[in-house]
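Asker: Supplied in structure tokens, the structure appears directly below.
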């Protein structure tokens, strides 16, 4: 009887130990899941915070002027230049000479070539600047008519050089040659403008494989890139021998 009782005690203790181990294992797994859940929760909050910051920054960028990045870069460059000038002045050095030491020979040659150009294209900034550049280009093409100048000066005498009391406005009548020259120049400008925005003429004999103009442009683009790969398939479809 004593042996049986001892064996039952051992079995009970073993069962209790296994139950305790199982409970401890379950607690560890639950703790791992909770820790993983907390990590995911923190990651979600961090992602939400970053997304909100990105949305705010994008909204700020959209509200800024179109050329804000270029202006900002220009201002930063000017600030750096001012700081360098102050540093050189504090050291008693000539800023222009110090700046030349930092410029390579290739950059110096390129800069000199750019300075020698009569009407350099500095890139698009706004429509007013583009119009001003065109105005300078057109005025430089005007050739003075010295014969007409001398004739008008002899005709008007001292009044040819106007003062605050002169009343020459509306008295000049352009000649036929001047009007023709202006018309020719305007026609050249219109022709040049049409080359930049040339609309292709409509071909009545061309195959219609589109439903609207946008689809026609897409089909032309697809034909340009994939036409050589689909030529045989199109021919088989037209002959009726496609598999």
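Numbering starts at 1 and runs along the chain as it is shown here.
Glycine too: its Cβ is placed from the backbone N, Cα and C atoms.
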Asker: Which candidate in 99, 220, 234 appears in Swiss-Prot with the annotation SUMO2 cross-link?
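Answerer: Checking Swiss-Prot against 99, 220, 234, the SUMO2 cross-link entry points to 234.
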Asker: I'm validating the feature mapping. Which of 40-65, 66-91, 118-143 is tagged coiled coil in Swiss-Prot?
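Answerer: Going through 40-65, 66-91, 118-143 one by one, Swiss-Prot flags 66-91 as coiled coil.
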Asker: Looking at the recorded sites 143, 234, which sits with the largest number of other Cβ atoms within 10 Å of its Cβ?
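Answerer: Neighbour-count leader: 234.
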Asker: For residue 234 (SUMO2 cross-link), name the DSSP secondary structure in the helix/strand/coil scheme.
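Answerer: Note: residue 234 (SUMO2 cross-link) is helical by DSSP.
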Asker: Quick one: pull the CA-CA distance for residue 143 (SUMO2 cross-link) versus residue 234 (SUMO2 cross-link), whole Å only.
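Answerer: About 59 Å separates the two Cα atoms.
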